[in-house]
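K.L.:
For 129, 227, the entry in TrEMBL reads substrate binding site. Per TrEMBL, the feature divalent metal cation 1 binding site maps to 146, 157, 283. According to TrEMBL, the feature divalent metal cation 2 binding site maps to 157, 220, 252, 283. Positions annotated as compositional bias 'Low complexity' by TrEMBL: 23-33. Positions annotated as domain 'Peptidase M24' by TrEMBL: 64-290. The feature region 'Disordered' is assigned by TrEMBL to 1-64.
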């Protein structure tokens, strides 16, 4: 994942009234039946190198990507239906794991670089890669659930925000603007369009609302490999390259209330904003088509 820099719109005032996020107890990872097809990293828990070429698909590949994207969307919708005050993110993880397995797929995050769970759950100031644990969700929290499934040799990757009970209007606005930024960026995608149009579009919307755009984490090519070229920066940049017909990649902006500097917890995964500003993220896997881009990670895709 790319590293970046910058301060965003930092402020000395408290950014929200949520209690600080703290590590909870992490339960053992859920088992995967022997009949489930696994990605290459699943047993060893290594970080596979990012493939240096875009993942461009023939018709069979497109069909498989649509199927994995559709399943990821269904799982995410189900996970969101569980969100309520009092439930733990560990309980959500177990439910997600069971649904993915029941559908003959593998939960892509599980043991990727030794990540111990089947889904990422990022609460409040957590930017990304939150590890499900025994912390109960509280009224007023905002939560990103990030689901990736490996079905028939192809990954489908998606995430979105969920509200836990009644949420502060400022937190809700942050989520709404982040979703708007993602959807507007997708509208710009088509064959021959520079990748850097994505970052410009997202940054312009964030700037309008005086939000910061996280630079340390990026979108990516996705398909038979979990991560590959292109690297999708969500801020204004001069990245070379243009979108190719038939390629698939994610767009997944992380937008914050305050500064964009991050800290990583000792678990080597959980990323939080340094100033504890809230963060929102929305993500889709898209396919570049002759007329633009198809969102693969929708229930009706």
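Cβ atoms are placed via backbone N, Cα and C, with glycine included.
Whatever TrEMBL says is automated annotation, not expert-curated.
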K.L.:
Over the span of the compositional bias 'Low complexity' (23-33), count residues by DSSP class, listing helix, strand and coil in order.
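P.N.:
Here the numbers are 0 helix, 0 strand, 11 coil.
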K.L.:
Measure from the CA atom of residue 146 (divalent metal cation 1 binding site) to the CA atom of residue 129 (substrate binding site) and give the result in Å, rounded to a whole number.
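P.N.:
That separation, Cα to Cα, works out to 8 Å.
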K.L.:
Using the structure shown, find which entry in 146, 157 (the binding-site residues) has the sparsest Cβ neighbourhood within 10 Å.
P.N.:
146
K.L.:
Which of these binding-site residues is closest to residue 146 (divalent metal cation 1 binding site) if you go by CA atoms: 220, 227, 252?
P.N.:
252
K.L.:
State the count of C-beta atoms found within 10 angstroms of the C-beta of residue 227 (substrate binding site), not counting that atom itself.
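P.N.:
Other Cβ atoms within 10 Å of residue 227 (substrate binding site): 23.
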K.L.:
So among 157, 227, 283, all listed as binding-site residues, which is physically nearest to residue 252 (divalent metal cation 2 binding site)? Use the C-alpha atoms.
P.N.:
283
K.L.:
At the level of the C-alpha atoms, what whole-angstrom distance separates residue 220 (divalent metal cation 2 binding site) and residue 227 (substrate binding site)?
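P.N.:
Cα of residue 220 (divalent metal cation 2 binding site) to Cα of residue 227 (substrate binding site) measures 6 Å after rounding.
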K.L.:
To the nearest whole angstrom, state the Cα distance for the pair residue 283 (divalent metal cation 1 binding site) and residue 227 (substrate binding site).
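P.N.:
Just about 14 Å between their Cα atoms.
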K.L.:
Around residue 252 (divalent metal cation 2 binding site), how many other CB atoms lie within 10 A of its CB?
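P.N.:
The answer is 25.
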